[in-house]
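Taken from Swiss-Prot, the feature domain 'ABC transporter' covers 26-246. According to Swiss-Prot, the ATP binding site annotation covers Gly60, Ile61, Asn62, Gly63, Ser64, Gly65, Lys66, Ser67.
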Amino acid sequence: MGKNIKVSFKHVSKEYDLYQNKSDKIKGLFMPKSQKMQSFWALRDVSFDIHDGETVGLIGINGSGKSTISSIMSGVIPPTQGEVIINGETSLIAIAVGLKGPLTGYENIRLKLLMHGMKSSQINKLMPSIIEFADIGDFINQPIKNYSSGMRSRLGFAISVHTNPDILVIDEALSVGDQTFYEKCVDKINEFKARGKTIVFVSHSLGQVKSLCDRIIWMHHGEIREMGTAQEVAQKYDEFVKWFNKQPNDYKKKYQKEHKENQKAPQKKIYPNPNANKYRLTLFDKIFLTVLIALTILFGTLVATGKSFKGLISEESTTQIEKVVHVDNYDLKLN
């Protein structure tokens, strides 16, 4: 293609342990790998390249692995097997990802931009533009936990596009909200495309994917079923959906059950992860990392809100502090 590769997945697989309860999860920390609980392969041997300036769509039925790919691509979770190469800074736009419920919209903006390494002067300069783009009115000064899903998506999108990422990953963020905001987002996406940015667009809407994307990757129960031009793959996927919807309910249930059972089967071929040592943590490492992340988020919250630790406790209560420092977007049970 003659363009630099921005994202490369090489034989990537992602395994999750299927715990029945919290006690099983704790036991899993101490059990050797040979005695692990039953697992589920969300991805199996996935390989693709995305080039500089491309807009690539990820489509597939629920549970096909689309969001797992976007999370790995954004650095939220690591792969279990294979190699992932990202050349540039990635920003993930998904409903409520990275937004802290107890904080106001204004405070979330400051916190997110601080975590992107921006200085206070840069944040103050961007703040009016972000608030205007989000267009949520007086709710900007209300806690995120009181927002609708559409308002969360608006704010998340507004923040992410103002961080000027090299690679923009949009995971179902345009599935909520009104037509006016959707058109505003599409205009911003087209602006990014004109600037040569790389965009990965995850959606169930074939119309959106066909109009915005150059290529499509069709994920099906953790594997790539088709990959090619937007028109070709969208047509094949549309034909599959229409065929599947015509089948009797008993057949649909059997079809889905068989494929999900296959995803529980052991991986037939093992592809080593060149960064395995980087991802493999001891129990002490996991505890230390959890505390470190919690303190980092707490410190960022204090800076974003301009409050002291004592003031935050008295105003929000100890329960709210626990919510602020709760790390819900990290998979510390690394395989």
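One-based numbering along the chain as shown.
Heads up, the Cβ atoms here are built off N, Cα and C, so glycines get one too.
Secondary structure at Asn62 (ATP binding site), as computed by DSSP, is coil. In sequence order, Met219, His221 are the same-chain residues whose CB sits within 8 A of the CB centroid of Gly60, Ile61, Asn62, Gly63, Ser64, Gly65, Lys66, Ser67, the residues recorded for ATP being left out. Asn62 (ATP binding site): 8 other CB atoms within 10 A of its CB, across all protein chains. It is Gly65 that, of the binding-site residues Gly63, Ser64, Gly65, Ser67, has its Cβ surrounded by the most other Cβ atoms within 10 Å.
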